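A.B. asks: A single structure is presented below for examination.
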Amino acid sequence: MSQDNATGAAAASTSNFLRQIIDTDLEQGTYAGRQDTAGHALPPIITRFPPEPNGYLHIGHAKSIWVNFGLAKEYGGRCHLRFDDTNPVKEDTEYVDSIIDAVHWLGYSWQNGTGEHLYYASDYFEQLYGFAEVLIQRGAAYIDSQSAEQIAANRGDFTRPGTPSPFRDRSVEENLALFRDMRAGKYQDGQHVLRARIDMAAPNIVMRDPVLYRIRHAHHHRTGDAWCIYPMYDFTHCISDALENITHSLCTLEFENNRPLYDWVLDHLRDAGALPAPLPHQYEFARLHLTYAITSKRKLLQLVNEKRVDGWDDPRMPTLVGIRRRGYTPESIQLFCERVGVSKADSWIDMSILEAAVRDDLDARAPRSVAVLDPVKLILDNVPADFNEPCSAPVHPKQPELGRREFPLTRELWIEREDFTETPPKGYFRLFPGNKVRLRYGYVIECTGCDKDADGNITAVHANIIPDTKSGTPGADSVKVKGNIHWVSAAHALEAEVRLYDRLFTDPQPDSGDKNFLDALNPDAKRVVTAYLEPTLATAKPEDRFQFERHGYFVADRIDSQPGKPVFNRVVGLKDSWGK
């Protein structure tokens, strides 16, 4: 499938196709009047978010969460969180816990007036086994004793039909006996599988007698060693939906070819009287393809294992634990999802749309502060050594009710190294000998020169305060200047580690085609500096977010930031530095 670049506006233009489907079902009463097994009326729509607990959720999952929980809320329904935990080899409670935390962090709940709607496919193992026997008894499933390699080879391809298994015509009695012996643990892994009997010449290869159960002697994180056979996803998923009274099973496009199998399983069980109508229906929407990122679990695991990142929660990672640590807010992710909308066709969404959503959200909520990230000392020569002038600035320029923050102006300050030059280029309005600038929230100063070490490196800048020019006083505008620089008092500044994060890759599609995604790693995706911060930041708590004026938005690291030893991460810059 071709993937064209798309803006958020373009993607959002088709964002209502799922709503149209739901509206039609509501108008036609498709799921009206339903009750659960306890006789309680069921809501008009029920959706679900069904992750497999074999890894950490990423930004693509956030879109699925937003779609499923958001539509359920919009229509007065409910959304279930269900773990599709049918592969004991790859799944772990660590991932279960992280997924629960991530969904909660995004602001969603699977609880409502009828209780807790957190489910595990493994809780249905006994029922799933019973449904498999129903299919066997109907002649719709059989035990195949071919090896996995033989099954794959005999499935055919898009140009030739599959070859029926030599075991396809086993009797119902033999199939039942073998299946029960499989459950009893009489066979080794791979010795037998249960397959659906559909059509080995079907144009859709998924329908060529897919495997429904396999033998897997492995410890399960919930059921322990109670089972040695496990159902496949395609068999489990649709039945779990039906058991939970799901109405709209919303999946991403890679499951489109699996929809006929979804319907085949449910239709057979309905016709056998094992499941009541109306049955759930599957609908597909485009998954999120974000530029300058990868979401493949295998490739993300490679980054972690090769220590190219600092773990799954590295702020450069697209995992939800990573972007949370980066400082993204749940509201910004929801805003991003709203802007890109829901489409039927795959497309690439530019990272700048996500970053703009984060920027817009933090602009409205983040208190302002000052940080000097590449410091050089500025000495005000015409004031005494004990000079200490109180200055103030609004906590947020658009929210005066938040008050003002106080900080001192002293004789020695820290300023950004880039705010001084001896030989200014055209259009440079900051400090150079003879030039005047305003110290933000303070006085106008005139630069008089600088000090250098033996190697010619600038070690200090010198200037004089121009009296009666303090910001907010009657004489503030008596001296006109074009430059305005930020600063912190050298005596009062808070020293802190600041981690300057950027995009992990330099290529917008780092793993497309035959590219080696490792070749596109951005060497400047993380820089660590020792910075000097406004003293008001001493009280910052983990996950407190701020705008560092002139620099961007920053967050106190949720893991490493400690009282008296703060660590800040750059969330996003004030402007898009990657735009063409």
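Including glycine, each Cβ sits where the backbone N, Cα and C put it.
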A.B. asks: Which one of T93, T247, T252 goes with E52, P53, N54, H58, I59, G60, H61, A62, K63, S64, R287, L288 at the ATP site, as Swiss-Prot has it?
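C.D. replies: Answer per Swiss-Prot: T252.
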A.B. asks: Give the helix, strand or coil assignment DSSP yields for H61 (ATP binding site).
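C.D. replies: It is helical.
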A.B. asks: Cα-Cα separation of E52 (ATP binding site) and D84 (L-glutamine binding site), in Å?
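C.D. replies: One finds 5 Å between the Cα atoms of these residues.
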A.B. asks: What else in the chain is close to the motif ''HIGH' region' (51-61), if you only count residues 6 or more beyond its ends and a Cβ gap under 8 Å?
C.D. replies: 83-85, 87, 90-93, 95-96, 98-99, 102, 221, 233, 252, 287-288, 290, 293, 295, 297, 300-301, 312, 317-321, 323, 333, 354
A.B. asks: Taking only the Cα atoms, work out how far L288 (ATP binding site) lies from D84 (L-glutamine binding site), in Å, as a whole number.
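C.D. replies: Spelling it out, the Cα of L288 (ATP binding site) and the Cα of D84 (L-glutamine binding site) are 21 Å apart.
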A.B. asks: How would DSSP class T252 (ATP binding site) in three states?
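C.D. replies: Reduced to three states, the DSSP call for T252 (ATP binding site) is strand.
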A.B. asks: Could you give the mean pLDDT over the motif ''HIGH' region' (51-61), rounded to a whole number?
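C.D. replies: A mean pLDDT of 95 is what the model gives the motif ''HIGH' region' (51-61).
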A.B. asks: Measuring Cα to Cα, tell me the gap between K63 (ATP binding site) and Y233 (L-glutamine binding site) in whole angstrom.
C.D. replies: 21
